[in-house]
Amino acid sequence: MPGGCSRGPAAGDGRLRLARLALVLLGWVSSSSSTSSASSSSSSAPFLASAASAQPPLPDQCPALCECSEAARTVKCVNRNLTEVPTDLPLYVRNLFLTGNQLAVLPAGAFARRPPLAELAALNLSGSRLDEVRGGAFEHLPSLRQLDLSHNPLAYLSPFAFSGSNASISAPSPLVELILNHIVPPDDKRQNRSFEGMVAAALVAGRALQGLHLLELASNHFLYLPRDVLAQLPSLRYLDLSNNSLVSLTYVSFRNLTHLESLHLEDNALKVLHNGTLAELQGLPHVRVFLDNNPWVCDCHMADMVTWLKQTGVVQGKDRLTCAFPEKMRNRVLLELNSADLDCDPILPPSLQTSYVFLGIVLALIGAIFLLVLYLNRKGIKKWMHNIRDACRDHMEGYHYRYEINADPRLTNLSSNSDV
């Protein structure tokens, strides 16, 4: 058995050497794999860093000269003398105030951004000295509900200002409230066009404002309302026309404003409301009309309106309405008037009026000719006046002389003896 004993130790040594070799190989593989993984990770790190740096920052920055509140979704750029709309508005903005600036012109796409300001719902541009609003100025604002352009002297308001640059293909405006108080420009900037007509064209173009609920047009010196100014506003509920210079509502129609709830006509120059207007107002199911501080003329033309006022519940504060003219009716309450109080001065027939006008012209012409003749003969007239004055003086001196003789008896006797 010695041979067996000799093979045992040799076999054990061989197995030990194999085990050591396996451990060496395993250590080399692990080290090489760790080295390669480390090198690969280190080589990929610059790529990840560059990719991270290539991504644009989140668009939540606040424009210079503005105040931002992400919690309130509000940006205020107030009284900063801005000459254009900031281009770096945050995407979260829902309420944007750009009041008290120097914008002058609002061009097409003034608020167009990529991505768009999809959350912007209320835009206030009042008092920013805007004198021109071009077509498509408010495009790409899909959520805009309230727009305030008050206190801007708008010499030019494009017909497509609210409907887009091409009204024939543009979608309806999302506007619900439009505030245009005191936008009348100075007389020297009206560019030979009717201000009332310009505003009306912007309201009806493309039927873009059919969803409008509130429209304020106060303090614009309107003398009249164009015939179709309200024709494309069927959803209107609140209409403010106060503090203008409206003399009559004869040409405008309220018939299609079936949802109208408040109509403000205070502080105008209305003298009377005629039957057509009265019937239209009475036909609106929910309306309340405010007519205070108008110079009502209480003559025979007021009879129908007085009767209507006594019967209707449409007019708010109707007991405060008083007469302004004629003088004898001043401060009389309209509801207290009777038909006998409302009379008119007799009107001359048109032919007789024409005759009187012609007679006045003839008399004025004769008077002008007479004055011209006097002026041309002023020297002769002056000489004639002097001659008359001298003749009168001689006559008066002779009269006084005879009076003195007759008044003295001695001179009278002497005169008699002289005659004898």
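Yeah, the Cβs are placed from backbone N, Cα and C, and that goes for glycine too.
If you look up Swiss-Prot, you'll see 1-34 marked as signal peptide, on the strength of sequence analysis.
Residues annotated as disulfide bond in Swiss-Prot, with similarity to another entry given as evidence: CYS62-CYS68 (among others). There are 17 other Cβ atoms within 10 Å of the Cβ belonging to CYS62 (disulfide bond).
Neighbours of CYS77 (disulfide bond), defined as other CB atoms within 10 A of its CB across all chains, total 23. Per Swiss-Prot, the feature disulfide bond maps to CYS66-CYS77 (among others); the stated evidence is similarity to another entry.
Here the repeat 'LRR 1' (92-113) has long-range neighbours at 60, 68, 70, 72-85, 119-141, 165, meaning same-chain residues at least 6 beyond its ends whose C-beta is under 8 angstroms from one of its own. Swiss-Prot lists 92-113 with the feature repeat 'LRR 1'.
Here Swiss-Prot flags 116-139 as repeat 'LRR 2'. Within the chain carrying the repeat 'LRR 2' (116-139), a Cβ under 8 angstroms from the stretch's Cβ atoms is held by residues 73, 82, 89, 91-110, 145-165, 170, 173, 179, 185, 189, all 6 or more beyond its ends.
Residues annotated as repeat 'LRR 3' in Swiss-Prot: 141-163. With a cut-off of 8 Å between Cβ atoms, the residues of this chain six or more beyond the repeat 'LRR 3' (141-163) that come close are 111, 116-135, 170, 173-186, 189-191, 198-199, 201-203, 205-209, 216.
Within its own chain, the repeat 'LRR 5' (209-232) is flanked in space by residues 150, 162-163, 172-184, 195-197, 199-200, 203, 238-249, 251-254, 256-257, 264, which lie at least six positions past its ends and keep a Cβ under 8 Å from the stretch. According to Swiss-Prot, the repeat 'LRR 5' annotation covers 209-232.
When Cβ-Cβ distances below 8 Å are used as the criterion, the repeat 'LRR 6' (233-255) is approached by residues 181, 203, 209-227, 261-271, 273-274, 276-277, 280-281, 283-284, 290 of the same chain, each at least six residues removed from its ends. Annotated repeat 'LRR 6' per Swiss-Prot: 233-255, in sequence order.
Swiss-Prot lists 283-346 with the feature domain 'LRRCT'.
The disulfide bond annotation in Swiss-Prot covers CYS298-CYS323 (among others) and is backed by similarity to another entry. If you take the C-beta of CYS323 (disulfide bond) and look for same-chain residues 6 or more apart in sequence within under 8 angstroms, you find TRP296, VAL297, CYS298, MET329, ARG330, ASN331, ARG332, LEU334, LEU337.
DSSP assigns CYS344 (disulfide bond) to coil in the three-state reduction, outside any helix or strand. The annotation disulfide bond is assigned in Swiss-Prot to CYS300-CYS344 (among others).
For CYS300 (disulfide bond), the Cβ neighbour count at a 10 Å cut-off comes to 12, with all displayed protein chains included.
In this model, the repeat 'LRR 5' (209-232) carries an average pLDDT of 95. Checking the disulfide-bonded residues (CYS62, CYS66, CYS77) against CYS344 (disulfide bond) with a 10 Å Cα-Cα cut-off leaves nothing.
Separating the Cα atoms of CYS68 (disulfide bond) and CYS77 (disulfide bond) is a whole-number distance of 9 Å.
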